Each structure stands twice: as structure tokens, then as C-alpha cells.
Amino acid sequence: MRFSIEYIDWELSPCDPAYDFVGKDLPTANEELTTVPVIRVFGLNEEAETVCCFIHNVFPYIYVEYSSFAETLDLEVPDFLSQLQTSINYALALAARANPETYKPAVQSVQLVKGIPFYGYSFCFQKFLKICLFSPKNRDRLVDLFRQGAILNKVIQVYESHLPYLLQFMVDHNLYGCAPIDLDDSIIKRDDLLSFCNVEVHVSPNAILNACWLSERNIHTDLYETHASSPNSLLVTSLAEIWKSEASRRNLTSSDETNSFSKLHQSQFGLKEESSHEPRSSQHWKNEVAMKDLLKNLIKSKLESSSDVNTPLIFDPWPELPTIYSAIHTKDYVRPSQNDISVSQISVDEKICTSYESLPKIQLEQNTAPVIESSFEQLDSELERILGDTLFDSFPYVEPNVDRSKFPKSPLNSSQEVTIHSSQDRQSPPSSPLKDVPSQINPFSPSLRLKGGSPITKREIEFCRDLPNRPTSSEPNQGDTRKAGKRLKYSRNLDDYHICTQIPEDYSPKFLSQHESFVYKQQPPSTDDLYGTMKKLKIPFSIPTNVHYSSEKDIPSYSQEYLGKSHYPIGVSSRYLPEFQSDGSVSEKVRLNPLKLSNFHGERTWQYIKPAPLAVDLSNLESKEAVSEEIQSPQRLSRSKVFRKDPYSCVRILALELFCCSHGGLTPDPTKDSIECCFWAYQEDVNSSMIDRVGFIVVDKSASNSSFGRSFPSCTVLVVNSELELINEVIGLNRQLDPTIVCGYEVHNSSWGYLIERASYRFNYDLPEQLSRLKCTSKANFAKKENAWKYTTTSSINIVGRHVLNIWRILRGEVNLLNYSLENVVLNIFKKQTPYYNQADKVHLWQSSRFHEKQILLNYMLNRTRYCLEILSACAIVTKIREQARIIGIDFMSVISRGSQFKVESIMFRIAKPENYIFPSPSAKQVAEQNALEALPLVMEPKSDLYNNPVVVLDFQSLYPSIIIAYNLCYSTCLGPVKIVNGKVKLGFMFHSSNPNIVNLIKNDVYISPNGYAYVKENVRKSLLAKMLEELIETRNMVKRGMKDCDSDYVNKVLNSRQLALKLIANVTYGYTSASFSGRMPCSEIADTIVETGREILSYSLEYINTLDFCHAKVVYGDTDSLFVELPGATKEQAFDIGQQLANNITSRFPSPIRLKFEKIYFPCFLLAKKRYVGFKFESVSQKAPIFEAKGIETVRRDGTPVQQQLLRRCLEILFKTKDLSTVKKEFQNVCYQIMSGNVPVMDFCFSKEVRLEKYKELSTAPPGAVMARRLMTKDPRREPQYGERVPYLIIAAAPGTTLANRSVAPEEFLSSSFSQLDINYYINNSLIPPLDRFLNLLGASAQSWYHEMPKPRTSLKLTETVKGGIQKKTLDTFLMEKLCSSCLKNNIEIIPDKINSLCSDCLKNPCATISKAVTQHNAYNKKLSLLFDICRGCSKLSSSDPVLCKSNSCKVYYDRAKTENYAKVQAEMLTKTLGSLDW
């Protein structure tokens, strides 16, 4: 039986003798044995049926050091194990404040095993006690008791307690999330099913066949450890599956599955870019000699003080004991008798146990992960090894052992043809005027080895060099005797010279004496000669344009000093040009012998050497090409990219949205507002972009299914009579469709969260239990804010058997947006607008008597529900999560809810378990007490300036992972410091001591890091971290190479998801060692070694580049793993050549796989400060148009406004293209003018910053967005923003001294109030000018001065709209409007007794012109408003009679419409006043 692991959790259930085997000497079932853990796995089989599997007899366990207390007890091992077991039960009973005599047993078994400590180099096995428990809940409690010394009065170090129960199970049995689990025939099916799944089984862990793919690697049998795995094998099973899948896709399959992997593996190694003929050297550190001396002295002193110098080395003192790996799969749990130990004999610290309840609780971790070894043979595949899939794409597909005569001959673009023969089936070379020249190529240096350390075999490759113009058919063409020549010929049409001659390449003209001609005695210099002279004289090849002013009036009359540098403004007129330096002398030779030019004239033309083809020739050529394509089609078919789709990837997903009818336009409240309609969308396969079914359930007593069905023929419509029926129908729909994933755009305050809260409050209904896949469960719940971590990171809704996705929160990690509303996400992903209706408008549509308006609401909600699934599909969110779960080995939900350390451990444990390594589990106190991190990466402070010369960006690829691999760094290879301080050797959170005899034997195979720590080299013990990272990096390179020739969107999504998962794990491995606050197994010394080594590598590279003379390169900035190198006077083409040369030279100076990659050039660019730069990016020589790229500045930051981003980017682009400050000034002043004139959309002024209301102690210290949200919540409590939600707000003008928080308003508040005005001065002076001035000040210019000197537009006053009750807002504008003429807005009104007048005397004298003006303005605004309404109706797919209710904050048309609507109302009031004043 086989099915995928889509969902996994556990629960405690009563012991059932039919399934559970708890061990020997336990009370019988009649005595009510304690509950036992049962793991529940939900998945899909190949027939897409849902499967529920209950796995019994899997118990959580921890390890403790046997040597910590065993030697102090005068007991035999069985007796000691019994006493320890009884002591643990007694201590747990006291900690639980229960009676020890009646407390149910908590320990399932205690077993003595052996393993290799992972934390620090250890060469021999040590004893450990494996303690299995009945409940995972007791594990953390027991760990605390051990650490406090409450058991046997001994403080004991605990091992592997930080590995959660489910992850422990998945690692032990080689299981991976979203990957198949294989079961044997020993499965049990019962009649009374516990779930709603199609298939339900009960199994024991022995039935899981995945564990059979693992095998123990006995590598700890010698001082110089052997590698038990095959050279081509992978230690992580999930990575081996990726290689097999890619081999199948590239058609490298064979009858033997392992051969397919081997072919691809050898192909990948042949394509490794760091392969070279010469071995790469290892750079010596500055303090290396001193460190080696310290190590020698340390060994000498320890040997002198040691008494067991001649003690023989024993690597396995207890061969009879099971290893930790073999103990995992022991079927019979050996349980010592506990009848002989009385309670009075137990040594337990009761004070510690009874006070346990006062200790801080440690949250249980319930997650999982996986890894495996596969062994493969090495095949002979020279073609794929050398060529891969990307070279010689224009050639017919060639493979080893294929008859070359089957392929048609065709002319080559190149003058050479490469033919590669397999070493086993090399045919005799064809007859050719040139002989085959064998050439041995070794693409691997001695330092580059495959898995296991075996060197890669050399192969012979034969190259056949044919003639340049070889025949184009299979038979030799004897009639073609043309020689190679130029494509064009040159002739002169003279009276006596009409012959056109073909010029061979080696032709040199020899003029006869009777012809009058001039030949230079000295040939002109070639381009190479000129370049050489320029290099010698240090003349720049390119002189960049300096920053200047194109307009004389813009040039300031003074110089500006900034950062200690004086800037003198320059223009483009002649007075700014440097004077020409010359003494006016003329060469004597030129003066006496002037050059005489020939009076020889003639007409010159160019003619093609070969005439144009005739139509007949073209038709013959087409027929030949057609035949050629028919011949090549089988080969092309064999090269087609076939990707076998995962049969378990068809995960079903259900999206749900609700409409609730609230009062007063408030956000729906589940305690008050009933659910009127439920909308759903269903997708059978998340990999498909098609939505299979949509529908809705509506509460309407007066309507029927047919009335709604006629309007929505493509939807599944169901009309119910009550809200309770609606909830029951949702439950029925959920069970019928049986989705693995349920989702909503926001699932806490709406969607599933609202549905659950409403059912609980109104009907006292436990909806999560009904929605689960189990008939009865206690783990389904909606804790909301009780589980703070899930509430703020994923979803706090727990439905057993199904995953709940909170889409908007997942999108925060996928796309960088200023606002994560559904409308803005759709706009940025699909590039189209979607309407937004507020709650009041939705209620209005629902309560309308017109069914058509109800239909508008239903269509609106259905579209929003569809978008939930379309967004998931477009961003490939589910595919990314599933691929990451399959690679890392954790369950689906842990991918988005757990941190990087949890994911690293999943892979580390999978490699460590078969090698019998055992990991310590530090307490929070131990982590805090380890040595502080000392090393810092090298981050230079750049010289802030504009760099007009090309700046080459060099980046060390995966520097920290490469350092770990190159220098064999790991916990298990660290010997400790070479210098001991205070006689103590502390490694991370533990004290570590190395055997001086062992260190003395391997002293020549030790690497000493720059921070003074010693590590054994690879030939002694291969670093486990290096093993893991090698496989991750090699697999990612292979996947990325496969993406280049992938033409399927689905396959590209899968491959991209895989390489992202691999990249994530490789990049966070260093962080796992350096997590000094929340670390699960940190080691500050190893982290310092990695950082210090990286610092030394970057420092050496910096010094090497700065000392070069041939290119005058200068490092202007460096950051951790990258270098910015300025090349003065170089052209763009030269910059690419020099950059590649620098990268190759530096790469050769460090051991593999450390590689410096030439990434790009910036030309030109600004360097502002650390991690803040911007420039025009070029990634290839052929790239014509530059790409604007910025890091750390306002154009990419999200704490500003869109208008700020747009202005800064526009000015920088102009500056980079023209170097003209006058043009930049004009653009800046134009934008400021448009802003002050009110021509910039209001949405471009919105700030959108994250709000976390629970984090602010006082409202007075909260940011403006939080203050505004609090103010809105006083009116609408359910409008509370989600944790981390970006809340948009505007800054309006107010009285001087008003705080920014009190001037912040929501966009809808601003638009609904015609008297509010944006604080334009704040936006210009505080938002636009400062970021721009940071660049302009470097050039001697100032945007602040440009703004002060520009003319400011006068804004005309607009009559403010009256509010209810006729009361107007008494702003300065309204006061002036009361005194000014409503028509001309210039003169004061004419006061007429006993009459209300709003016109001045001039306008009263000319009533026709006054009325005409008022009517014209009124009609103009109405016409514009009508046009905007038509645009909105078209976007919302409404008819001309439908109301436009859209209020999308992501649409510029909405802001324009709202502004025009306000102006239209103002003009209507002005027209009414004007007509009233004229008695109309």
C-alpha cells in the first residue's frame, strides 16, 4: 500500500491490545493502562482516494549520558535500569502533583545503547541510555527534571530532546512530507471507521517499508574513517529522488534505474564550472604559522602531563551493545523488571519535582522531517558528462554508440566539428585528410571528489578537425573546388579596368613598377598596438561624461562643500572646457616633405561574391530541409523533455468567503450579524490553473434554487431557509469534496474563522470538529489569539486532516507590496483592476428590492472567491510548500509555520542517524552561557559618490556553505582551540577535551582556522555539514541547469520550487550554528570560524585586486561575500573581460568549491553607504538597454510613498542617462508643481506601514498608522488590523504643533471630507527632498534650494460642501468663500439689503456671462464624472443603469472620480447660488 503524507499529527488514546504493544511487565488492560500516542497520517493514494492511517507503537524518546551516573552506583546494569525507570516515574508523579503509588507508568522502556557524540570530535563510541515515554507531553517535563538534578540527585546532559516527536518519527522511518509512504501487507482494517476517508488502516512502525531503504554506515572503525557509501550515492533520499526525476526528464533513463541517476550525476560533474586541469591552491592565513606553533606546544604539554600515552586505541569497546541506529528498529522493546525496586529506594529530589509546576512551560513541538542513502553505479556517459544539455544545441542529437552515418551532413557555422566517442565503443576514425588527435582531459582536480572521496576516472575525448568547407551531403562533392575567401569583393569601375577578382584571405597586393601608386613605408598601427600604447602610457580607454548643467541659468554662482569635498558646478559652454596644451611647432619632416595625394579617381562599388539564389534553388532547398527534418524527428523526439507528473500532487483545495448583513456599515460581528450567503470555489488539482467548481449557498426563504440558478448557470447554487441549514450544508460540502487544503483570503475575522465563531456563538456548535476528517476528535479548534505564534504567522484554526491557509499572510513572503489588500494583490499579479465594495454598499445591494442588484453582489463575491485560488496558482504557493516539504522532510504546515533551524535539523538528523551520531540538547541557560560571538563579517564603508566608470560586482557563490565544505568545518570535526585559557576548553555550550594521543597522530591532518580553532581534515573524518551542503549545492546546480531548457510552465514551477528550497537550507546552515539567543544546538566557535574565514578570504581578494597594475582596478566597496571593483577608464566591453579575469584568478587561489563569480557591472552607479547603492546594471556584453537596480534606498523601501519612489527613480534614471543636472532640476520642479496644483493622485501619497497593536505600550508612542487604526476601532471594534498588516494612511494639513499621529487619516476618510487637504509642504520637505538630496549633495546640487527658488502655483479656492444641518466646516477657505464672489472668486460680494447675494457687483452687471460661466463649469465636471463612471462600469462589468459603488484604494480612477464628484457638488452649489443671486 502506498499513499502520500499530506497531514500528520498525533493524539493520546487508550491502549488497545489489538494494535498497541507497550512492552513487557506492564499492568494488564484490566488495570486501566495509561494512554499511548497514536500518530495519524492523512494522504492520497494513486487513485486520488483519501487515506487515513493510524500508526501505533511509536514512542517518543530521549538520550542521557550513561557515564554521568552509572559509575557511582554499585549495581548491575539491569538493576540500575530498573531503578532509573522507577525514579523517573516517581519524579514525574511528584512533578504532576500526583500520588506516586497510583500514578500511571510514564516510561515505556529504558535501553542501553552506544553512539558517537556529535558535539566536538570524538573517535570512539560512548554509552547512552535511551528512555522511551508513553506520552510526548511528559518529555519536556522529564528533560527539565534531568537538568535540575531531580532524578538520582544528578545533573545530567540530555540528548535529542529538541527533536519534536513527529519529526523524530519521520527521521527514524525515512519519511518525507508530501512524499509517499510504503506499507507492507501487515495492515489492520476495522469495521467501525474512525474517519470519513475512503481508506482507513492501522499499522505498526514495522510495516513502514521506507525505513528499509536506509542502511547503517559503519564509518567509525578506524582513526581515518572510511566512506561506506558509493561514490555516486546521495545520503538524503529526497535529493536522490530529484536526481532520478531529472534524469527521467532529460531522457537519460535506462532499464536500470540507478544507471539513469549515474548518467545525470556524471553529466553534472562534467559541467561543474570549477573543474580545471590544475589543482587549486589553498591560501595561507596571516596568523597560520603562529597557530601551528600553538598547536604543537599544546600537544606537547598534554602528552607530558598525560599518564596514558601508550594506551591502545579502542574505537568500539562494547561491540555487543546496539547502536542508536539499530536500536531504533528493534522490534521487541526490552523492558527491565521493576518489581524489585521499592519506592523507599528511589533517590529523587522531591523539592524540585513538586515545584515543577511553577517553572515556565515549554511549548511542545509536534512536527516532522526526513533523509536516506542510495547507492548507484558509475556509468560511462561521455556525451552527457562533457556536453550536458546546453552546448552545441544546433547540432543533431548525438549519443554514445550511435551510427553517425544515419545523420545528414550539414554545413557548420564553425570551422571545426567536435566528435566524441565512448571509450568502450570507439569506432575507427573516418577517412579524412586530417588525422584524429586524441586528447586526454581531466575535468577534475585532485581536490574535487565525488561522494565517498573516490577520485573521478579520466576519459579520452577525440577531436576530428575537418576542412573548413567540407561537403554538405553525405557523399563527397568532387566538383566543388572553391577555396575559402571573403564574402564580399571589391572592384573599381575605370575606363581601362573592369575585371572583378576574388581576393583570397592570404592575398597580399604586389604593384608593378609601371603603375603609379603610393604604399606606406610603415604600416599603420593595429588596434592591439593602440590599446597596448594606451595601457603603457596609462591613457584611459573611455572618458566618461561629467555631471554638468546644460542650462547656464541653472548653474549656481558658488561652490558647495559636502563630506569634505568641494564641488564646482560646470556647464557645457566653451568657457568650461580645459585649455588645449600645445607649443604650435610642426615636425621638420612633415614641413619639408608634404604628403602628395594621388589624382587617381574612379567609381567604387561593393559586389557580393556569390549571386543571390534563384527561386528554383530556394524551392529545392526547402524540400531538402523538409527531408532533413523528417530524418531528425526521431532524434528530436528522443530529446523532448518528458516530466513524469507526481501522482500524489493532485491535492484538492477549497476556498470560502462569506457575506454577512451588518448594521450601520460596520464590519460584521459574529455575535450579532448572521451569515446571509456563503461562496466557495473548488480546485481538484492545485497544479492546474483551472477552477473546477464554484458555487454559493444563500439564505432566502422566498426564493428557490431555480431563480438563482437561471442567473448563474455555471455555478452550483443552493438556497436554504435558515442560517443553521447553511452551516450544515457547508459541512456536507466539505465532506463531499473532501479537500486537503481549505483557505480564505483572511481566515480569522472572515471566511472560515467567522463561520466557526458564528456557529459557536449562535448554535454552540464545534464546527472545527465537524469539518475535520475524523468522526470524533479533540484537537480541532479555533484558538485565535490564544495561540499567538500561529495567529501572527499562519492560521490559528486547527482542522484535523486539513490545512488552513491564510492567503494574505503567505503572500507577505512571496511578493513585496505596499498594501496586501485583495485588490492591490490582483493588480500586481494579474495586472488588472478588481472592484471593492465596502460593507455598507454590500448591505445596500443585498437589501435592494431589485434582483439585479443582488446579482451584482453575488458576482462580486464569487469573483473574490475565485481570486483566492487563482492567486495561489499564479504564485505556485502550494507547489513551493509541497516541494520544500518533500526535500526537507517536514510536514506541509511546518514549512510555513516553523523556522529555519527546524528545517536544517531535519536534514542533519537524516544524515547523522545512520552514522550513529548523537546530538546534545542544550537548555536556554546553556545557550545563554556559551561564549559570545566575536567575529564580524567584513563590510566596508564605501566612499559616497557617483561612479562614472564601470563598477564590476564580484560575488562569492554560497560563501559560507563553500567554506564549510572546503575546510571541513563541523561540530564533529572540531578539536577545540589551539590556545587554552584558564585551563578550560569550552566548545559552544559544553566543555570539550580531545585525546592528546589522537591529536598527536593526526596533527598533520589538521586545519587551523583564523580564529584559532583546529578541525580534522576530510581524510580523517568528513564533515557532516559538508556532506549535507555538497548534496544540496550540487542538486541545486543540476536543477537550475535543467530550468534553462525547460519549456513547460508546470515543470518550470516545480523545478523553481525545488531550487528555492535547496537554496534556503544551504543559506541558513551558518545561522543554525550562530543562533546565540534561540539556538537549538548553536556553537559560537564554529560560527566565528566560518565568519573569520570568510573575512580573510574577502580581505585577501581585496588586497590582490588593489595591487594589480594592468587594469588599475580599485575595490570601492565590499560586503561579506561581494566586492565592488571600479575600473577607471575602461569601456563596458573591457569591464566584462577584466571582471571575468579577476574572478578566475581569485577563484584559483582558494580550495574548491569556493568560487568568485563575476555577476554584473554597474555603469554608472551611486554608492551611498553600507548596503545602500543604485545603478544601471549590465549582465552581458550584448545587453544594450540597462536595468535600473537599487538596494536599500527609497525606491525599493516600503516605508515611504509611491510618489517618493517614482520621483527618486525618475531623477536617478535621468541623471544616469544624461549626466545633466538641469534636466533633473526641471523634472523635480515639474513634479513639485503638479503636486501643489493637485494633479497627482491621492493614492500616491499613501503611507503603508505595518501595524502591531499588541506591541505598543502606550498609544502616545505608537506610529501614525496605529493611532489611526485605534481611532477607527472606537467606531468599529471589528475593524482591528491583523498582526503585521500594512495600514494605509494620509497626512493632512492641520494647525501648527499638531502631531503627525493626529494628522493621519484613512484614504476613505479623506475622500469623504471635502474640507480636508493634504499637507503638501510635509510631503515635499519631509518625503521627497531628503532622499533626493542624499544623491544630489554628492554632486554639489541641492533639491531643497531648487524647491525654494521655483515659482509656487496659486491654488484656486473651492467652495466646501455643506454638511448635515447646513453647518459648514469653518476653515480659512470656507471663511474666504463666504466673503468672495461665487463666480469670479476675486471680488467681495455685493451686499444687498433683504436679499441673499453671493456675487460681486461686476458679475451682477453681466448676468448672461455669469450664468454661462457657471453652467459651463458645472457641465464640464458632470461630463468628466460621467466618463469616469463609464470607465468604472466597464471595469466592474456593469450596465449603464447600474450604480457604481467601487471604492478600491488601489485604483487611480477611483481617486479621480471621488475628487471630480466633490468638485461637481461644489459647482452645483455655486450654480445654485449664482442663479439665486440673479433671481433665476
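Residue 1 is the first one shown; counting continues down the chain.
Glycine is treated like the rest: Cβ placed from N, Cα and C.
Features reported for this protein in Swiss-Prot:
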- Cys1381, Cys1384, Cys1400, Cys1403: Zn(2+) binding site (BINDING)
- Cys1432, Cys1435, Cys1446, Cys1451: [4Fe-4S] cluster binding site (BINDING)
- 411-427: compositional bias 'Polar residues' (COMPBIAS)
- 457-468: compositional bias 'Basic and acidic residues' (COMPBIAS)
- 470-479: compositional bias 'Polar residues' (COMPBIAS)
- 403-488: region 'Disordered' (REGION)
- 1432-1451: motif 'CysB motif' (MOTIF)
- 1381-1403: zinc finger (ZN_FING)
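Structure with Swiss-Prot features highlighted.
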{"residue": "Cys1381", "record": "Zn(2+) binding site", "Cβ neighbours (10 Å)": "24"}
{"residue": "Cys1384", "record": "Zn(2+) binding site", "Cβ neighbours (10 Å)": "13"}
{"residue": "Cys1400", "record": "Zn(2+) binding site", "Cβ neighbours (10 Å)": "21"}
{"residue": "Cys1403", "record": "Zn(2+) binding site", "Cβ neighbours (10 Å)": "25"}
{"residue": "Cys1432", "record": "[4Fe-4S] cluster binding site", "Cβ neighbours (10 Å)": "20"}
{"residue": "Cys1435", "record": "[4Fe-4S] cluster binding site", "Cβ neighbours (10 Å)": "18"}
{"residue": "Cys1446", "record": "[4Fe-4S] cluster binding site", "Cβ neighbours (10 Å)": "23"}
{"residue": "Cys1451", "record": "[4Fe-4S] cluster binding site", "Cβ neighbours (10 Å)": "23"}
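When secondary structure is read from DSSP and collapsed to three states, Cys1446 ([4Fe-4S] cluster binding site) falls in the coil class.
If you take the Cα of Cys1451 ([4Fe-4S] cluster binding site) and the Cα of Cys1403 (Zn(2+) binding site), they are about 40 angstrom apart, rounded to a whole number. In this structure, the C-alpha atom of Cys1446 ([4Fe-4S] cluster binding site) lies 36 angstrom from that of Cys1381 (Zn(2+) binding site).
It is 35 Å from the Cα atom of Cys1432 ([4Fe-4S] cluster binding site) to that of Cys1381 (Zn(2+) binding site). Here the Cα atom of Cys1435 ([4Fe-4S] cluster binding site) is found 38 Å from that of Cys1384 (Zn(2+) binding site). Counting residues of the zinc finger (1381-1403) by DSSP class, helix then strand then coil, yields 3 helix, 1 strand, 19 coil. Classification of Cys1451 ([4Fe-4S] cluster binding site) by DSSP places it in coil, neither helical nor stranded. If you average pLDDT over the motif 'CysB motif' (1432-1451) in this model, you get 91. In this structure, Cys1432 ([4Fe-4S] cluster binding site) is part of a helix by DSSP. Other than the site residues Cys1432, Cys1435, Cys1446, Cys1451, same-chain residues with C-beta atoms no more than 8 angstroms from the centre of those residues' C-beta atoms, the [4Fe-4S] cluster site, are Gln833, Pro835, Ile1431, Ser1436, Val1444, Ser1448, Val1453, Tyr1454, Arg1457.
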